[in-house]
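Below: the structure, in structure tokens.
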């Protein structure tokens with residue numbers, strides 16, 4: 001195509017344009033001219049050159065939170081040589097101009113000063129020498145920077161040896177650490193060569209086990225926090241040594257039943273300690289049972305007694321003990337003991353108080369019952385009880401008046417007298433109990449902030465308190481002005497319970513209390529994430545952020561490990577309560593608080609749940625969907641009824657806070673109702689729920705066994721709760737009216 005012609009005296013110059021040339025058109029070209037004066041032609045060699053262009057997008061080699069290392073080009077089309085490479089990049093969702101880096105060779109390029117957790121668009125433009133040597137931009141690549149590197153440094157608290165050559169290590173983190181996903185545990189030999197690397201995928205799991213280690217060999221141990229794929233600084237190197245021989249076996253092991261759920265063990269120290277004894281390990285197993293043995297540690301190596309609680313009534317158990325001096329020692333000879341029976345002990349207490357009035361306490365009668373059962377046969381006991389019953393009937397014939405007493409919170413003794421079928425109530429003064437001792441907070445050291453929650457008669461306010469010279473967050477519980485005398489009594493009872501319970505990581509712990517102008521204020525730990533029920537429901541990401549849910553294929557922001565960790569924390573807390581002989585009676589997700597590091601803490605020890613909630617006297621509702629069969633039918637509450645409620649709580653956790661819409665059983669039902677298995681629940685987890693819902697209380701597992709099962713599930717690293725979205729996925733409905741029913 002002729003572009004232009006320049007006419008000058010004696011000559012005409014023409015310019016032509018030829019389109020769509022390729023390298024195949026390179027060669028000898030001929031130009032022909034025809035005029036009225038004749039024809040002429042010239043031949044010229046034409047060399048076709050094509051600007052270079054990348055054939056593939058740039059390749060990501062490595063990434064951190066603020067940098068990307070990129071290989072710019074693998075192959076290209078067009079002519080060379082390549083004299084410059086321009087790498088262009090910008091955030092994917094940013095409308096700003098492109099940034100660029102120009103290099104003169106194909107070495108790897110490092111992009112610096114980027115934003116963490118950000119997707120960048122990256123492309124390359126190549127250039128060759130000469131005019132028109134800058135080629136077109138190549139295909140784009142999407143590269144994402146890592147999460148911010150953790151800065152927190154774990155602190156190894158201690159270690160011990162299990163099963164001769166298995167190392168158990170535990171560590172801790174500061175309470176104010178930044179977000180993280182888990183831990184990496186490194187084990188080195190003496191030459192600093194890596195022997196083992198263990199990945200802990202939950203930030204809540206602060207321990208690990210490493211097996212198959214060699215005896216008499218020194219190892220180095222370190223723990224690192226990771227966030228996404230970014231590692232934080234390692235802990236200080238911790239040196240451990242596995243000796244080949246532990247202590248000899250403890251001597252003179254004795255087992256003595258002390259109640260229907262507890263056995264007292266005592267022993268003498270080993271003859272050959274082989275080093276300082278750090279603790280004793282108690283092994284227990286039900287005689288004739290098929291479950292795995294359970295292990296319980298003493299708090300220190302100086303203890304030579306241990307009360308094992310949470311057992312089944314009228315059940316035989318076998319016990320062994322061994323010492324541990326960083327290396328497990330030899331097991332003692334096994335001994336057996338049988339727990340006392342519920343019915344016999346209860347009869348002893350009632351009959352004893354009938355017979356002797358208040359001269360002996362229930363605890364003394366329990367002790368007497370245990371000694372009687374251990375010293376005579378069942379036949380003799382039967383005869384004894386028959387004689388006692390005959391005596392009571394005879395006594396009742398001559399004395400038609402019966403008197404029972406109980407202690408009320410008002411400091412008076414209430415006398416219930418039965419006269420010819422009529423009931424009268426009288427009160428007589430009783431000596432006041434000793435005043436309750438609790439950590440005292442000064443009113444001036446409490447700075448109230450905002451409201452956390454509110455009930456019918458009480459409220460909870462977030463506050464900053466000053467205790468022992470330190471400032472800390474707290475939740476302040478108080479009663480409203482119109483609260484009744486019973487509410488005040490229950491509130492003081494909650495303070496008493498918290499004082500007696502002491503400290504445990506999985507219960508809401510008491511910080512102190514304050515009296516001001518006649519009102520009581522109780523300061524407890526502040527749980528920043530609120531109650532577990534609401535926390536589970538907020539994790540339903542398909543409702544709160546559907547785009548995120550579909551992009552990541554998940555139904556919850558919580559993982560299977562985190563859900564099981566919630567259940568494990570509650571089981572540990574309930575095990576502690578049962579060992580302290582406390583019954584919660586309202587265990588449910590709404591009464592569990594989520595604290596720092598997503599640790600579950602048992603709460604609600606009496607503010608809104610006094611005795612009247614469980615003995616229906618008015619039209620008020622009972623929390624029947626969480627109550628065991630014996631509680632519904634007979635108003636009987638034991639640790640085993642708490643186990644039933646734990647099964648319901650576990651069902652709530654797996655279903656992400658689904659409302660319990662099961663039918664209400666009649667109060668005379670002896671079978672009750674069992675919820676169906678959630679679709680996302682593993683059979684093993686549902687089987688644990690079913691064990692908690694067994695008809696006979698003594699067949700339900702104790703909390704120590706439940707805790708052990710959940711710990712094993714956590715260590716198995718298996719997805720026991722499926723959080724992946726599946727076809728036609730919908731959440732179970734939430735019915736606020738069913739929360740307390």
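One is the number of the first residue shown, and numbering goes on along the chain from there.
Keep in mind that glycine also has a Cβ here, set from the backbone N, Cα and C atoms.
Nobody curates TrEMBL annotations by hand; they come from automatic prediction.
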Fill in the blank from the handout: As TrEMBL has it, transmembrane segment corresponds, among 340-357, 358-375, 376-393, to residues 376-393
Exercise for the section: Could you state the whole-number distance in Å separating the C-alpha atoms of residue 477 (ATP binding site) and residue 586 (active site, proton acceptor)? Expected result: 18
Completion exercise
In this structure, the one of the binding-site residues 459, 591 whose CB has the fewest other CB atoms within 10 Å is 459
Handout entry: Those recorded positions of 455, 457, 586 having Cα within 10 angstroms of residue 604 (Mg(2+) binding site)
Key = 586
Fill in the blank from the handout: Cα-Cα, residue 453 (ATP binding site) versus residue 591 (Mg(2+) binding site), nearest Å, comes out at 12
Practice task
Note the mean pLDDT of the domain 'Fibronectin type-III' (249-342), expressed as a whole number.
Solution key: 87
Practice task
Do me a favour and check the Cα-Cα span between residue 457 (ATP binding site) and residue 586 (active site, proton acceptor); whole Å is fine.
Solution key: 18
Handout entry: For residue 591 (Mg(2+) binding site), the three-state class that DSSP assigns
Key = helix
